[in-house]
């Protein structure tokens, strides 16, 4: 008995621990804790404010301990938060950190929202820098108000700040302590904000524009000065750093030709300015100095002659000393969704029994014998939804005779969805697919966690479900390259789209994949709107990340055509045949970003209810889709089109020809099955995720993985709660006929960067929205508005798609006259 009692006590321990763990991780506990933190933060704020008002009156009553203060009923305080609030304020503000203690209120409030999983800010960064600022403000106020603190009952810097300021002052004096605080504040702002360095660059960029040389200077003088400066910069790099092997300037992103310096568009503006100054002050170098400098250059270049001869194309030379470019570092703290976010659907009692297998086998054999068809062998393969019975007919039996008995076998088995495959390719048998009495649910969790998906090296891996043999079915969307999906209402088409999207979200980083979602129904894809700043792409002027308006659909598809043409131009310059080769060159730093090169993410366009779009817009939709389907594979743009009824007037021959991968859920008729698959069979599926996928000539029957709405919400919440990009991925601007132009822009309310941007555009003789965005570190929308204002002012010409705009003003003197008349 004692032994049994001892065992019982051992078992109760872990049970209690598991209950405590489940309580601490439950949603109720989380919301309770968040609410308590928020309320306590408000209470502390009221106590602090009251202390600043009534602290002097309560000072004499707070010299005792908190326990004595609570026990004494005769003591009354004026603080609105009572004795506890007055005592906390005395300890935290007066004896602690002074006015900087209000940051504790801020920390409590943001912590409450963090517990609610609705973060207001980047929590870890805010926590770290708030604690640093508490100490810094305390010491600063202690230094500035040291004389005031000696005569007042309230230390605005707290006793901590007062004594720390006195200690530093005794070491380095008042001035030294002040400069120490100033330097520490600079470091706090530098590391605490992301906009400080771009702000400094903007200031220096403005100064650079303001000091450009006079426009009337002769072009010959500019070229000579630029050539001299360029040669000197090359010789200086080689002579001062004998072991340098790189030819890529990390500050400017420029690639220099060390073998034969040329006068080209890579000459920096600062070189021109230096030459102008020397010319104005009579400090130009003599011919002897130039000859001596050339000799030094030649001596320096001898060290790298052999390496330069090995390079074949100066525009794509590798920066040997630099590490490969990693696009995922843009969001280095991004965490991929975990399988715990998905529900598990165990098989349970839905397994196929031996009795069911034997019964189906006997009925198949009896039906065939009734029509005088003998078989020599039969074998069953159990799948999640159907069981495949493979039979080997006796010699002399015609296959077409068995094929014609499809309805008779279905009648004898009393089952729907019987499909006969005669013969099974590569096996020499005839297959009879029979639905299971209790079909099994294939969970998305089981196929996401499968070894096949986890170890996949495909560019765009997509897992759809399980085959008849219970194998995970995986395809590479990059090789498809487009997918056509059809299925009647309620047969699993929307779940199939969710399975495709979920596969991509689990495998790709936001920097590697962008999704364009078009949903005329407005409800099917709306769940993904929360991941706008991570995975979605849209037009610059669109507010909604999911495109639902027909007119906007036209603009988006035409914008994708512009993006496709732009990418092909980049591939042509990079001598690459596809996006994979191009991104590999860019990652190896063999492409210069200053020449427009950039890392290209894959773009997957998902269109639901395609039939509604065709009936509404017709050719305006079909033509850009057909062009993308024909050409966009090499540049990483892929399409997934879904429709309910695949009639021939909706899925035309042009579209079918460019969509070799097709997925069919249960459809209404054999004609629809022939339209989508070019063969019957989809009309005989049993529904609920039962599907056929045709890739080329191969046809496979699958049970689609089940992804429920709560699972999609959890995945999107997991992604959206993390740090994302400032905006969604912006597609190129597209202005259709009748959409208006930049000439309608009101110039009376010009952007404050308008003049500086105009000078940059005229100086470079290139009108590019991305250049303005890069030079001034501003968003795409603001840069686009500035470009529209420049067009309305007559400084640049109209948009020409992916090409840079033509600059209508030739020099800065003309620009100054134009700006002065505005």
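Any Cβ shown, glycine's included, is placed from N, Cα and C.
What TrEMBL lists as ATP binding site is 487, 488, 489, 490, 491, 492, 493, 494. The annotation compositional bias 'Acidic residues' is assigned in TrEMBL to 285-300. What TrEMBL lists as domain 'FtsK' is 470-674. As annotated by TrEMBL, region 'Disordered' applies to 281-301. Per TrEMBL, transmembrane segment is recorded for 31-57, 97-116, 128-155, 167-191.
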Q) If you skip the near sequence neighbours and keep only those at least six away, which residues in the chain come within under 8 angstroms of residue 490 (ATP binding site), Cβ to Cβ? A) 687
Q | binding-site residues listed as 487, 492, least Cβ neighbours within 10 Å | A | 492
(Q) Let me check the 10 A CB neighbour count of residue 494 (ATP binding site). How many other CB atoms are there? (A) 21
Q.
Does the structure show the transmembrane segment (97-116) and the transmembrane segment (31-57) touching, where I'm treating 3 or more Cβ pairs under 8 angstroms (sequence separation 6 or more) as a contact?
A. yes
Q: Might you list, by sequence position, any residue in that chain lying six or more from residue 493 (ATP binding site) with a Cβ less than 8 Å away from its Cβ?
A: 485, 486, 487, 642, 644, 665
Q: Would you list, in sequence order, the residues of this chain other than 487, 488, 489, 490, 491, 492, 493, 494 that have their CB within 8 A of the centroid of the site's CB atoms, where the site is the one recorded for ATP?
A: 644, 665, 666, 687
Q) When the number of other CB atoms within 10 A of each residue's CB is tallied over all shown chains, which of the binding-site residues 489, 491 has the maximum? A) 491
Q | Other C-beta atoms that fall within 10 angstroms of the C-beta of residue 488 (ATP binding site) | A | 19
Q. Could you give the mean pLDDT over the domain 'FtsK' (470-674), rounded to a whole number?
A. 90
